[in-house]
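In what follows, a single structure is set out as structure tokens and then discussed.
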Amino acid sequence: MKASKGETSMSNNLTHPPRADERGKVTWNGIDVLFILVIWRLLLSAPVMSIAAAPLEHLGLRPPYAHYTAACLFHLIQLVVIGLVVIRKYHLSWTAFGFRRPTRKDWLQLLPWALITNLISLLVLWFTFTFLWTAGSSKAESAESLGFVLTFLMGAVIAPFVEEAVNRGVIFGYLRGRFGVLAGVIVSALIFGAGHAPELMLNAFVTGCVFALFYEKRGTLWMPVMLHGIMNAIVIFIFYLS
């Protein structure tokens, strides 16, 4: 039996991500974005993190591991918040939200994008820690306390997935539909950079622009997630090998 034109179109939409010029305004609004952003910043704030880690320390966990466990929990909570505020509220799937299955062409473009992004990131980090920031890094201190495996798990797996869902999925998706691609890229990257202040703010802004552009080009959040994870993984490897 021959499929109808509408059925064929629906099938194509399920298997292939839309091109950049086919994506319009998202279903969530500015209030949703603001709520998700406020919750995200509150969860990762030092006072809230300390409050959450305190009971874990009383259970016998050393402070670095207590804070790490709290951070993992808060990343999970943030996904639940997105699930309630965006996915469930607007009757979406995670695929419709942006996590569409990558195509072969997506994977082929990941390597050159990863090479360019890591080169840019390393140059920005060199510039930052050579000319702009001479104090120690809290990220480095945390990595030394936790060890390679836990640092890699958070930095290259958990954080990239959740941060891309928040920054490129929720924030860039809304800004792009409301104000255009350029404004979406810049403003979402500024927000992303502010979340990594002070010493990593410039690097996060620059790479945040790249992540948004890669998402805009490929139409699936899995690509900036992978790009983000690869970039963080290389920095982590360099840190532990140095």
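Cβ from N, Cα, C; glycine included.
What TrEMBL annotates here:
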type	residues	note
DOMAIN	147-234	domain 'CAAX prenyl protease 2/Lysostaphin resistance protein A-like'
TRANSMEM	33-53	transmembrane segment
TRANSMEM	65-87	transmembrane segment
TRANSMEM	108-133	transmembrane segment
TRANSMEM	145-162	transmembrane segment
TRANSMEM	174-194	transmembrane segment
TRANSMEM	222-241	transmembrane segment
Counts by DSSP class (helix H/G/I, strand E/B, coil) across the domain 'CAAX prenyl protease 2/Lysostaphin resistance protein A-like' (147-234): 77 helix, 0 strand, 11 coil
Taken over the domain 'CAAX prenyl protease 2/Lysostaphin resistance protein A-like' (147-234), the model's mean pLDDT: 97
